[in-house]
Amino acid sequence: MDTEDDPLLQDVWLEEEQEEEEATGETFLGAQKPGPQPGAGGQCCWRHWPLASRPPASGFWSTLGWAFTNPCCAGLVLFLGCSIPMALSAFMFLYYPPLDIDISYNAFEIRNHEASQRFDALTLALKSQFGSWGRNRRDLADFTSETLQRLISEQLQQLHLGNRSRQASRAPRVIPAASLGGPGPYRDTSAAQKPTANRSGRLRRETPPLEDLAANQSEDPRNQRLSKNGRYQPSIPPHAAVAANQSRARRGASRWDYSRAYVSANTQTHAHWRIELIFLARGDAERNIFTSERLVTIHEIERKIMDHPGFREFCWKPHEVLKDLPLGSYSYCSPPSSLMTYFFPTERGGKIYYDGMGQDLADIRGSLELAMTHPEFYWYVDEGLSADNLKSSLLRSEILFGAPLPNYYSVDDRWEEQRAKFQSFVVTYVAMLAKQSTSKVQVLYGGTDLFDYEVRRTFNNDMLLAFISSSCIAALVYILTSCSVFLSFFGIASIGLSCLVALFLYHVVFGIQYLGILNGVAAFVIVGIGVDDVFVFINTYRQATHLEDPQLRMIHTVQTAGKATFFTSLTTAAAYAANVFSQIPAVHDFGLFMSLIVSCCWLAVLVTMPAALGLWSLYLAPLESSCQTSCHQNCSRKTSLHFPGDVFAAPEQVGGSPAQGPIPYLDDDIPLLEVEEEPVSLELGDVSLVSVSPEGLQPASNTGSRGHLIVQLQELLHHWVLWSAVKSRWVIVGLFVSILILSLVFASRLRPASRAPLLFRPDTNIQVLLDLKYNLSAEGISCITCSGLFQEKPHSLQNNIRTSLEKKRRGSGVPWASRPEATLQDFPGTVYISKVKSQGHPAVYRLSLNASLPAPWQAVSPGDGEVPSFQVYRAPFGNFTKKLTACMSTVGLLQAASPSRKWMLTTLACDAKRGWKFDFSFYVATKEQQHTRKLYFAQSHKPPFHGRVCMAPPGCLLSSSPDGPTKGFFFVPSEKVPKARLSATFGFNPCVNTGCGKPAVRPLVDTGAMVFVVFGIIGVNRTRQVDNHVIGDPGSVVYDSSFDLFKEIGHLCHLCKAIAANSELVKPGGAQCLPSGYSISSFLQMLHPECKELPEPNLLPGQLSHGAVGVREGRVQWISMAFESTTYKGKSSFQTYSDYLRWESFLQQQLQALPEGSVLRRGFQTCEHWKQIFMEIVGVQSALCGLVLSLLICVAAVAVFTTHILLLLPVLLSILGIVCLVVTIMYWSGWEMGAVEAISLSILVGSSVDYCVHLVEGYLLAGENLPPHQAEDARTQRQWRTLEAVRHVGVAIVSSALTTVIATVPLFFCIIAPFAKFGKIVALNTGVSILYTLTVSTALLGIMAPSSFTRTRTSFLKALGAVLLAGALGLGACLVLLQSGYKIPLPAGASL
């Protein structure tokens, strides 16, 4: 779809830094380990180092450390790191087409799947034949059917006349007169009714030779064609120069075009655009739209649409409306195509016009009886309505707009300009229509342009939440970086720059021109993911206070943090990249874009953050430290909790220097700590909380320099892990095993989706409209002439009996059931009130439409709130639509002291169980109107429970209950104003005498999936297509050159009958084997006996058959037969897949029964719905394959990173527990496994492994500096290393988890459903991951981790060899399975 939205994320790629990354990775493995320096004390992280004046030592790492700590070099790195991405993005925006937002369903189609290729082949064949393709194809060119008739005539002449000359054989190419009248009943009736029209049509049907038609198949030389009911139906002859634009015009055209539709003087005569309206009944249990209150509301809404500013400049103005005089005030604009044309007719000059412009509601039942005599009526209502059940839960309407617009010569004259004008106009309806829903009627609005506008607006509004997410994360980063503005700025900036790099790669390098709607998730997720790496770098740098030399400290930070973030970014990027193998373009693009962003984010942080940390430590750290120190001295108190001694350790310079030269650098892992502790006895598995500081170290006097919040968080984590990894580690492992078993049980119960996927929030206008499209009758048919304006002629008001022959031709329907006519008063009535007052008893009031006063009733005198009488309407009139019922009862009255009857008013039906019977009813207003007065009514809560009407509440205090059905107020016309003159259409019943005739039979209106059986087409050729995205060259059709229609005509007719007879697959009357027009079946039965009595489809008048043939160069090239399937389009893809298999197996059985050499054996069945179901089926399958692939990548990466099986095992167990628990929570939440859930699961493994890997990295670093007194006991070593690992990385991973959750929380409030669900899954997974890392992973490390293992180059090579060996064994196993015939599923939905 076209769009003008700017891209939300813009990234570029630093190609020059790839070599640096590779060099960094190689040096990771090749560097050597330094030895500890005796007597070296810890260095305060806030110390201001002097500038490095000496040149760097030889070696890559020394040069790198010097560059990042030299202010000039660090500043240059920051400048280049910011300027290069911005320069690349500027180059992209200036010299490449702008990125668009792809909101089309095409982005989710699997173009290489068999179902898609089949349907695309048919679509391309239809486009090449007719110029457009769509379910509505109202302007399907009749020249094809005429040409087919001519070919059949030639075949018949060759069969019966033998050798005739070529000139004689070409003579029948002028359509025979028999084809004009035809044997069909419609043709005879039309000819009888409109002889003039037939003569006119006969003159226009003379056509040029067949060669001319074949040369330009998209042109129709006829000026008009006669429709089945005698109306003229002009074709649309496009000009060759504007064929592309004209094809769009033809797609929206109907058979009700007019002879001068393309003459420049006839502005807006072509119905080209539309707004779809659906009115849903709500607010009561009955849900019937045909009530007076709801119909009046709908009529008011349609009038507001016509009164909207600018409507007359864009409305549809067909020539038919010129005969409707009341439409003159609207410049003869066509009213909405709606049943309101029957319910609100107008009267002018003694004639009734069914145009919906009247002010008064006609008789509802009589109007429905009149409308139901037309098959077109069923287009407006749901499938439950019938002659015996005049109720519908919804009502459809169409607002039509015409082209060409004023000041344009034709539709093709500056078409894009006309389209832009209409789009800017039509979106002004959104604000108005969004406010029209009431408590009784819900208004849904749609149409192509409005739908696109709604989707774009929804997407943009959801993207605004990303700015809220980024702002919250920026504030949190500021806090967690000890309120360092400098580090916070460059931390967030590095993420933004990575987005520019990734966007540059995505758009320029990979050549993708569109951002899919799923890519919007990146705006939320990447900030949370990218901040993880930022925290690791900052935390690692601050932890390395034991390194005095700033260069060594920077080298340690780059190596340690770079390695840890590399593996975590690798696993996360691999999890997203697993979706690249999906054949669904939207999922493929989402996986590619996210993997690029994660990779570029790691690279940007690797380059930017060391330089920022170098400048910060030289110049900004002392300033921030002094500010925070003064603030904390005044505002904070010291904590009473103990903390590991070296956290607060400040160096005390003894002898003037804490260090004697640089520490020898020997390996890539710098010791984390230089702490010597005295031996402490451990009892019951406890580890001493207080550690003895080495000599020369004392607790710092000010904790504010480290940030009070971070100190408290680190202290809390220390106590937490002391409990989980030492004291209660076996309890945690037991709970973990129990939860894992239960999770496996519940996760196995998660079922595939049972309904179509939600794209938007369920209560939104867009989603409700999409849901209804699965259930609506003829959701793809534009019935622009189904209203009473076109179906009914103006007729005299004095004669309500319809005598039109057009109505009598509707036979075979069920006659209306005999019923007494309900005679409603056509004028306002008066309700008279009288009363009986007995001593000692309350007054009882009588309500009557009769002014007489039988004894003992007495007239009510005005005053004291009494109301002698009031005016009412006996039928809905204007805003007087609230119905009140007067109920009468004799129960509970004493005959001696009271009258024999009592009355009450209610808004509901009379309660027969309590003795109340219906007396009469009337209509009032619920809001104050002009010239009205307000009255109150109530029912006594004491015997005899009678009712009363009065002027004010003090006189109606019969009940203290709140307003309800028997108590409240209403407005009635004021008696001082002259009575309004009711129009002649008020309560008008067109069927008041003998009725309107039989109701029409419900036609076939496309409620199921339309399946096409195609012959003569082999497939589609896309070899020349560059498949970067769904938008591009669709390819070309590959035809079957050996296909001969007349040779296979008998088999085709047999297949048509066989498929139509299968009631399990095809609906009754759903077979459309032939194209529309001119009784082709009467010719076919002469060619072969099998072609006699072909099934006839039951279509709407004007609805064209979906069957089609392709004619080229004087021969039939292909044919497609259409069948309305019993498949319900609202089912889930997994349920519908069984219907697809039934169709496929049945057709193959029929084709295999054909003769061996028949070309029909290459036929196939296809359906647009099959494309849709395979989107989700293959999407889920590819996502699950991606889950397995990402799991394998993560296992391999973690194995190489940890280099020990006992370190790999805790990580794998944690990942398994995390994924199973998340899936279990999804099951408990009532979710099902759809495409969104499967895609989310595929990235869970990569995001779950991050925190565990960081913890294992801390465990390995702690082993590099194991205290001597801990080296004796293996259990003590494991526990100490686990505690040190949490102390090292705990704050970083908790901060990362917190930012990730905050980044995804705004996704919860998105209207786009995949966004919201994706955000919930990511937030849930992040929460479970950090919880399992701090509990299960620490407990498992404290139990099974190797106590004295340290990572070496040898262990790395062994782990790498084991991974390669395992990969080779897995590949060999796959080959063995393939040789044995086992099929291995692939992400593309196929199998090996």
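Glycine residues also receive a Cβ, built from the backbone N, Cα and C atoms like all the rest.
According to Swiss-Prot, Arg365 and Lys1317 sit on opposite sides of the membrane.
For the annotation N-linked glycosylation site, the record in Swiss-Prot points to Asn1021 among the listed residues Asn775, Asn879, Asn1021.
Swiss-Prot marks one residue of Asn163, Asn245, Asn850 with the annotation N-linked glycosylation site, and that residue is Asn163. For the transmembrane segment (74-94), the most Cβ-contacting stretch among 596-616, 1205-1225, 1321-1341, 1359-1379 is 596-616 (pairs under 8 Å).
Residues 8, 491-492, 520, 523-524, 527-528, 531, 534-535, 538, 624, 628, 706-707, 709-710, 1291, 1295, 1298-1299, 1302-1307, 1309-1310 of the same chain lie 6 or more positions beyond the ends of the transmembrane segment (463-483) yet place their CB under 8 Å from a CB of it.
Remark: the transmembrane segment (1359-1379) contacts the transmembrane segment (1183-1203), by the rule of 3 or more CB pairs under 8 A. Note: the stretches the transmembrane segment (1292-1312) and the transmembrane segment (1183-1203) are not in contact (fewer than 3 CB pairs below 8 A, sequence gap of 6 or more).
Recorded stretches compared: 485-505, 574-594, 596-616, 730-750, 1183-1203; the one with the most Cβ pairs under 8 Å to the transmembrane segment (1321-1341) is 730-750.
Sequence-distant contacts of the topological domain 'Lumenal' (1342-1358) (same chain, six or more residues past either end, CB-CB distance under 8 Å): 29-30, 669, 725-726, 729-730, 733, 1200, 1202-1204, 1206-1207, 1209-1210, 1259-1260, 1263-1264, 1266, 1271, 1274-1275, 1277-1279, 1281-1282.
Summed and averaged per residue, pLDDT over the topological domain 'Lumenal' (95-462) gives 68. Within the chain carrying the transmembrane segment (730-750), a Cβ under 8 angstroms from the stretch's Cβ atoms is held by residues 724, 1213, 1216-1217, 1220-1221, 1223-1224, 1226-1228, 1231-1233, 1332, 1335-1336, 1339-1340, 1343, all 6 or more beyond its ends. Here the listed stretches are 574-594, 596-616, 1205-1225, and the one with the most C-beta pairs under 8 angstroms to the transmembrane segment (509-529) is 574-594. With respect to Cβ pairs under 8 Å, the transmembrane segment (1183-1203) is most closely packed against 574-594, considering the stretches 485-505, 574-594, 596-616.
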